[in-house]
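First up is the structure itself, then whatever we jot down about it.
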């Protein structure tokens, strides 16, 4: 296709300034083409674009995707974190999630069933991550995502019908399996609609709902705690509400486009601009062909393993906090309702730090890994404060330490951004997305297992020491990745650049290692 230049002086007449884009088959039958689907629209040569139309396209994409993603991932987080509050509303006794041994004096309480109820969710998610990620790549995103999310809502509502801890174990596994489609899907959607520079802020926007819904979910749970009448327990109402909200989100997902090429809410000129503007980043848009060569490259790429270690170590904090946070706070002398309210400062700090690091990562080049390391330090400090402070009646110090650990949200958000913005090739991006949340699952499985109720009098030393060690590991892995990416960029920069070749290679579905013009963001 010949290069079509657009005169920037015509910005005031945006519609006239853009050439009629080539006609594109938007049926997306998942054909066997090995190239990016964007190439059928914009070809192999660079096109000048009207910045007015580009800005309008990005604005429409933001308004369509981001609010929905914030709500959708907020439901994911709320759904997982419900268990931590539900145990305070009688769920523990109703489903025999804790066992009291009265043969010893004083009696001891074993909460291992509660730990497994938390961990089994992530075993289910671990089982679903890779098949769900590749299903989203191979088939229509809207139909797959919408159908699975509606199923997830149904499984969530069925929690209210569970009567034994064995039934809860099974329900939690299947809930995790179907929920696995959301985070990996969101990461790949963002990487297909936005440039490398823009991804930091956009990934942080949807992930910030972990903090936002810690607050909103806590407020909802506080309200449900006031319910005294009716035929159900408070924790059953919570799960019914979460299920209904999930189904509503699932209905919306049926309208999700596969890529900017088929974004129905954009005009033809805006679709053309939305695709062409991604050429410079060399990350591609979407390719439905699953390439085993890219899977092999992912398995041999040291970045994959470093990102895995970083995410697994960082997310042990969430595994402990989401499942046991309110229960741990209640040991400081606060009642059930106070324990829920104290989730608000943690969630608020998490929300602010995620958005702040995302904004700075977009505005300041190559600062993401440095910020990642810096956000680990307050988490370590918070764990030390909780562990070593006095747990007297309504003590302030452990609550302050607990709130400070909200910095972990910024750490995890940056790991997602660094991982997804530093790979190219759609199969490799799908693999990286699944790997990031496989590590997320490992962290969430390990975290609850470090909570030993028998060591409550000693302030759960295994938990806080374990979390401190995990964050030291995260810092070391992040520093190693920084050195590797910096060296890789220097090696790529030594190769002479050909702008025509650069434009041609942008939508060939090449990986970051195959494409000499791909640059890593630090």
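Cβ from N, Cα, C; glycine included.
Owing to the predicted nature of the structure, the values given are computational and were not obtained by experimental measurement.
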Range annotated as region 'Disordered' - as stated in TrEMBL, picked from 1-34, 35-68: 1-34
When counting Cβ pairs under 8 Å to the transmembrane segment (61-78), the leader among 173-193, 205-225, 340-362, 399-419, 463-485: 205-225
Check the transmembrane segment (340-362) against the transmembrane segment (205-225) for contact, please; criterion is three or more CB pairs under 8 Å, pairs 6 or more apart in sequence. yes
So if I exclude everything within five residues of the ends of the transmembrane segment (237-256), which remaining residues of that chain have a CB under 8 angstroms from its CBs? That is, six or more out. 68, 71-72, 75, 78-79, 82, 85-86, 89, 141-143, 145-160, 189, 220-221, 224, 227, 230, 264
Top partner of the transmembrane segment (463-485) among 144-167, 369-387, 431-451 - counted as Cβ pairs under 8 Å: 369-387
